[in-house]
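Asks: First, the structure itself, so that you have it in front of you.
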Amino acid sequence: MQLNSTEISDLIKQRIEQFEVVSEARNEGTIVAVSDGIIRIHGLADVMQGEMIELPGNRFAIALNLERDSVGAVVMGPYATLAEGDKVKTTGRILEVPVGRGLLGRVVNTLGEPIDGKGPIDSDGFSPVEVIAPGVIERKSVDQPVQTGYKAVDSMIPIGRGQRELIIGDRQIGKTALAIDAIINQKDSGIKCVYVAVGQKASTIANVVRKLEEHGALANTIVVVATASEAAALQYLAPYSGCTMGEYFRDRGEDSLIVYDDLSKQAVAYRQISLLLKRPPGREAYPGDVFYLHSRLLERASRVNAEYVEKFTKGEVKGQTGSLTALPIIETQAGDVSAFVPTNVISITDGQIFLETDLFNSGLRPAVNPGISVSRVGGAAQTKIIKKLSGGIRTALAQYRELAAFSQFASDLDDATRAQLEHGERVTELMKQKQYAPMSIADQSVSIFAAEKGYLKSVALNKVGDFEASLLSFMNSEHADLMKTINDTGDYNADIEGELKASLDKFVETQTW
């Protein structure tokens, strides 16, 4: 068969038109050194800070040091099989994690991959772990409460939606217990929770997950895990991953709560990475940007206004504000709050709950020291009835502490001083609370009302706990309507005060404790 020149040119033209060029221009480099989870790469000219670098075997590293002739990157996971001379590629994107409602009730690692054996996660998409916090104009003032269920916290150190409240204290004195109870208390409040475990034992995290499940709070919670045995890079990035998952709800006009347990271990992981990258060490061998490490994370916790939510959702959600409340945890050494990381985080947050070893050992749990614990913005968000009733609680405890120290040296005390001491002792006893037993607004209100109005005067100190338990049982069975009204409205007026007084008078007559 012979083809003429026209047919040949048409055929060539057709082939040219159908030809598709599928090429991907990606920068490629070579590993020149591997040690302790850090790789040095030569030849990556246009890599950006924080960019994911593709390694052999479908693994990734993150570029942290951009130097004149090499790039320092930290490997996300095991690095034993990496060798000098291996080829790596830039990806043009920073680390992203899955977000969405499909993550609720699941346990995931830093990268958002499920580790609970419940199958794949149905996410709504991916979001970058590092984003800029909302600006001042996009924020709204904190004026709605987050109930922790602890009398000592909700009455004296109230937390608002969108606040950052630090939980600080030595090891093994109930920091995690307080945060977990706060999560358990949100199971019916509509607040979605994220629990980020950094540098902890796997057995400890398994116990926390089991307790959340037992109390029906896991279905409302995302657990992000970077155990002590995992790479320092994963421990450093875990809080940012959890924050991104919490922001998903905030940006859609919902309320969320995130617990970072704990940021001391994250700072240690970051120090390890920085020293291996040969960055110059500063105070306590931490790098110069360890303040920025925590500030850029905690500034993302905020309450955003309705305009921000409407703009973010492209008009799908209107007239609703969103919030992300943060409870960062910091572990101190021998009660030293003046160390580098504790002072940094205290200055970033909107208040702190200080837990004290001596109080814990004396049997006061939660071991909250009301003298140096403070909430800078939560007062505006406090429930009305708790705010009205709890005004004298902090004062009573502060006076009691002062007088208790003084009375050890005084041989005889006048009646007024003795009355103050006895009242303080009973209020201190009333503030004790069991773990995994968060209290409703009504229960807290009744207990505080009893203390404020002098109903504990005639109760023996060792019977205060029994008195409270019997009182709450009586109120919830005999005056369920009143308790429901308080829980629903949180209001306090002359009618409610009168009803509470009549109910307590009736209970005291029964002498059933």
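Quick reminder: no glycine exception, Cβ is built from N, Cα and C everywhere.
According to Swiss-Prot, the feature ATP binding site maps to GLY169, ASP170, ARG171, GLN172, ILE173, GLY174, LYS175, THR176. Per Swiss-Prot, the feature site 'Required for activity' maps to SER373; the stated evidence is sequence analysis.
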Asks: On the three-state reduction of DSSP, what should I expect for LYS175 (ATP binding site)?
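Replies: In the DSSP reduction, LYS175 (ATP binding site) maps to helix.
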Asks: Just the number: how many Å between the Cα atoms of ILE173 (ATP binding site) and SER373 (site 'Required for activity')?
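Replies: Each residue's Cα considered, ILE173 (ATP binding site) and SER373 (site 'Required for activity') end up 15 Å apart.
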Asks: Across all chains shown, how many C-beta atoms besides its own are within 10 angstroms of the C-beta of LYS175 (ATP binding site)?
Replies: 25
Asks: Can you tell me the CA-to-CA distance separating ASP170 (ATP binding site) and SER373 (site 'Required for activity'), as a whole number of Å?
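Replies: Just about 15 Å between their Cα atoms.
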Asks: Under 8 Å Cβ to Cβ from ARG171 (ATP binding site), same chain, six or more residues apart: give me those in sequence order, or none if nothing qualifies.
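Replies: Long-range Cβ contacts: GLU331.
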Asks: Given the ATP site residues GLY169, ASP170, ARG171, GLN172, ILE173, GLY174, LYS175, THR176, which other residues of that chain have a Cβ within 8 Å of the mean position of their Cβ atoms, reported in sequence order?
Replies: GLU331, LEU355, PHE360
Asks: Going by C-alpha positions, which of the binding-site residues (GLY169, GLY174, THR176) is nearest SER373 (site 'Required for activity')?
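Replies: Ranked by Cα distance from SER373 (site 'Required for activity'), first place goes to GLY169.
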Asks: Taking the Cβ of SER373 (site 'Required for activity') as centre, how many other Cβ atoms lie within 10 Å?
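Replies: If we count other Cβ atoms within 10 Å of SER373 (site 'Required for activity'), we arrive at 22.
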